[in-house]
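Asker: Encoded as structure tokens, here's the structure I'll be asking about.
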2 protein chains.
Amino acid sequence: MLTELNAGDLQALKEWLKSRTQTIGADIYGAAAGIIDQVRAQGDQALKDLTKQFDKVDIDTLRLTEAQIDELAAQADPAFVKALKGARDNILEFHEAQKQNSFLLNRPNGVYLGQRVIPLDAVGIYVPGGRAQYPSSVLMNAIPAKVAGVKRIVMMTPPAANGLVEPNIACAARLAGITELYVTGGAQAIAAMAYGTESIAPVDKIVGPGNAFVAAAKKLVYGTVDIDMIAGPSEILVIADSGADPAFVAADLLSQAEHDPLASAMFVTTDAGLIRKVKEELQKQSAFLPKKDIVEASLANYGRSILCESMEQCLEIANQIAPEHLELMVENPMNWLGQVRHAGSVFLGYYTCESIGDYYGGTNHVLPTSGTAKFSSALGVDAFVKRSSFLHYTKEQLEQDSAAIQTLATAEHLQAHATAAAIRTPSITADDQKARAAADAKEPQ
Amino acid sequence: MLTELNAGDLQALKEWLKSRTQTIGADIYGAAAGIIDQVRAQGDQALKDLTKQFDKVDIDTLRLTEAQIDELAAQADPAFVKALKGARDNILEFHEAQKQNSFLLNRPNGVYLGQRVIPLDAVGIYVPGGRAQYPSSVLMNAIPAKVAGVKRIVMMTPPAANGLVEPNIACAARLAGITELYVTGGAQAIAAMAYGTESIAPVDKIVGPGNAFVAAAKKLVYGTVDIDMIAGPSEILVIADSGADPAFVAADLLSQAEHDPLASAMFVTTDAGLIRKVKEELQKQSAFLPKKDIVEASLANYGRSILCESMEQCLEIANQIAPEHLELMVENPMNWLGQVRHAGSVFLGYYTCESIGDYYGGTNHVLPTSGTAKFSSALGVDAFVKRSSFLHYTKEQLEQDSAAIQTLATAEHLQAHATAAAIRTPSITADDQKARAAADAKEPQ
């Protein structure tokens, strides 16, 4: 089921992986833009009308009360609740460690400068509805915002048939500390969060996955608010040595393949025999999977095995691909981690299947796809803060630096910039900088 | 020259400030796309042909040697070089303080996880040519990349008439440690950095200002590479109290206004008399400025004064506007900094004119414009790194957590995700999670 590839085919594979990213059609942009206009013009009524039209649900009140959220959450299976709490605690711990501090530098003459790390005022989290419900995504999007210190976190999701939300989603919202939850989905939810309605105040940033209409709406409101990355199809690259159990390797490749026929599972090793055994395991295990059809399509499309001559070559291929998920199913994986330059998240050793990270370990599962790990990062606390710098000068220090500032501003033909310094230090002119440079030149080297 | 405004006009002002951002026309996108195609197809030859066509310069070799850069830099005025060195040192100090560390968390049973902060492999800096040369921008774009640890920093800029670059630009490149410099500008330079040519290896991220064709090309290559923000017109908001010298306030407003007829200078105070005096100073000082016409157009278009009842109201207006530059020309400015929630960079006290920050103090001058300081930050070291997470589990800990992971994966109908955990812990099933939750429920609360 895996197509065998030579290291020489790598360029083609890279292009192919990128080509999976589907462009959004003009018709979808048009529809999303129309919905945004309708929400901006008619507010809450538009949200109700569009929910009736698309979700076939009548909603009276858009917002669930905290009591309603609690009541729904209480309906979730206790085993699920306990598992989600464990996940929440681990995700919290990891993201707490991501927090950046503000800093302050002091210089002579009363000069100081620094950078404050400030949480965004308000963030909106979109949560898809329909058959596929992902409570884990609620945690992965909301917890970094919470840890960043964002005071107002809004969640919007399409209503279930009863006009409410599924218990598992309510439970995730509750565990993440979300209290402002609206039952509206689609492009209309994105419009409401970006521009506000009578009952929904606008936010500063919108995150979370969604269908093509949601993605189009996010792109259209970008600039008015910030948005997260529009994720492409998922991928994994597994590097395994002879010590790896082929059944484990196959299980991990299948866990990626079941997402989507466009998902890509890649297996890289120096052990030709392992490739054969993994293929056998893929056959055996996939037969029992409920999503057998998706898995087979995905492996046929984007399943690859690559036989390498050395671990160094395996790692170089991983760096070329810059996979969203990278497993190092090798002995002493920490000895190799330093050679990984590009990967969204790395899973180390024989017992760290990707699904631990997807659900439970604490690292974020919202990761850069399609090779963008070369220049971008997992969703994290950084996405929910901004850095604001500050600078304080005194007359004493400006008298030291005014000539230099005037010289630099004048060289860029920005005379008013020079004047702003000069007017504060009337005795200092750009000529003083010439004198200083001349004095420098005379000093013995 | 400043239009007086009430606090009630604020919404209109916010919309107006945003409306300054000029959209790029379809014809410009078309031209940029054509140029990108030409560079992808013909490589170096396209760069030479397009430079001949647009810059009217014949270039034999695209890349300047280090000896050429040194020779050009040596032609710069020594006073300018000394000033630029002072700026470089301060910018370095500030950005060194921005560096984030990798982290590692240890948990029981041999579990560990963490995050590595990894510099981008290669970054391209675009530097505009023509009459307006901004060596300060070279430092502001290159130094954060250097501090981040980026190994390969490429600079591209249109050639001067002699096929080389201006001494001041060469000097800035040299002080920033740039050794790979190509004399090609425009959309063709962006295409070369994104896709590479025979003599230019592609980069992972492109930063730096440019004209509409450069901006269009950057947007078109985004995704293949990362890009920085496309900056809108600049703005300043000055808050001053009765202790502020009206001449200083006026000088700072003028330094913003001279950038561009679309630039906005806003003045907010509780002192009606100060507004009158600042206006007189604006008249007086602008008469002597070489860019008098631009200044007058800018103040007429986007110059505003707002009289407030209290400092709290002044700060609330600043937070509403979320200005790129905010000056607090007040006594004890640190007492108010904590109330600033949204500003790209803050200048504190009577002696910190914005131009100190533009050139010399050390904070970055590439800042979020048009209200985007609500959710985005100055260019900094963060822009040139990515964070890659890692996770290590052991058999012992997976036996503890496997049931929870299986439960969560099953709730999301991702059976292969559950299997990846289950196959490593054959004795543990999702039922164990039910047993655990049931045991919890029986425990005395």
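Here the Cβ of each residue, glycine as well, is placed from N, Cα and C on the backbone.
Per TrEMBL, the features are:
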- B:GLU324: active site, proton acceptor (ACT_SITE)
- B:HIS325: active site, proton acceptor (ACT_SITE)
- B:TYR126, B:GLN188, B:ASN211: NAD(+) binding site (BINDING)
- B:SER234, B:GLN256, B:HIS259, B:HIS325, B:ASP358, B:GLU412, B:HIS417: substrate binding site (BINDING)
- B:GLN256, B:HIS259, B:ASP358, B:HIS417: Zn(2+) binding site (BINDING)
Asker: Given the binding-site residues B:GLN188, B:ASN211, B:SER234, B:GLN256, which one is most crowded in terms of C-beta atoms within 10 angstroms?
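Answerer: By the 10 Å Cβ neighbour count, B:GLN256 comes out on top.
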Asker: Taking CB atoms only, which of the recorded positions B:ASN211, B:SER234, B:HIS325, B:ASP358, B:GLU412, B:HIS417 fall under 8 A from chain A?
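Answerer: Filtering B:ASN211, B:SER234, B:HIS325, B:ASP358, B:GLU412, B:HIS417 for a Cβ under 8 Å from chain A leaves B:ASP358, B:GLU412, B:HIS417.
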Asker: For B:HIS259 (substrate binding site), which of the three DSSP-derived states applies: helix, strand, or coil?
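Answerer: B:HIS259 (substrate binding site) sits in coil per DSSP, no helix or strand.
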Asker: Residues near the NAD(+) site, B:TYR126, B:GLN188, B:ASN211 excluded, by Cβ within 8 Å of the Cβ center?
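Answerer: Other same-chain residues near the NAD(+) site: B:PRO128, B:MET156, B:PRO158, B:GLY185, B:GLY186, B:ALA187, B:ALA189, B:ILE190, B:GLY210, B:PHE213, B:VAL214, B:ALA217.
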Asker: On a simple 10 Å Cβ count over all chains shown, which one of the recorded positions B:HIS259, B:HIS325, B:HIS417 is most densely packed?
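Answerer: When each Cβ's neighbours within 10 Å are tallied, B:HIS417 tops the list.
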Asker: Check the DSSP secondary structure of B:GLN188 (NAD(+) binding site), expressed as helix, strand or coil.
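Answerer: DSSP assigns B:GLN188 (NAD(+) binding site) to helix.
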Asker: Suppose we draw a 10 Å sphere around the Cβ of B:TYR126 (NAD(+) binding site). How many other Cβ atoms does it contain, all chains included?
Answerer: 26
Asker: Three states by DSSP: which one describes B:TYR126 (NAD(+) binding site)?
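Answerer: For B:TYR126 (NAD(+) binding site) - judged by DSSP and reduced to three states - the answer is strand.
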Asker: Would you kindly give the Cα-Cα distance separating B:TYR126 (NAD(+) binding site) and B:GLU412 (substrate binding site), rounded to the nearest Å?
Answerer: 46
Asker: Between the two most separated Cα atoms in B:SER234, B:GLN256, B:HIS259, B:HIS325, B:ASP358, B:GLU412, B:HIS417, the residues recorded as binding substrate, what distance in Å do you get?
Answerer: 56
Asker: Count, for each of the recorded positions B:GLU324, B:ASP358, B:GLU412, the other C-beta atoms lying within 10 angstroms of its own C-beta, and report the residue with the smallest count.
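Answerer: B:GLU412, out of the recorded positions B:GLU324, B:ASP358, B:GLU412, has the fewest neighbouring Cβ atoms within 10 Å.
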Asker: In whole Å, note down how far the CA of B:SER234 (substrate binding site) lies from the CA of B:HIS325 (active site, proton acceptor).
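Answerer: Counting only the Cα atoms, the answer is 8 Å.
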Asker: Of the recorded positions B:GLN188, B:ASN211, B:GLU324, which one sits closest to B:GLN256 (substrate binding site) when you measure Cα to Cα?
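Answerer: It is B:GLU324, whose Cα lies nearest.
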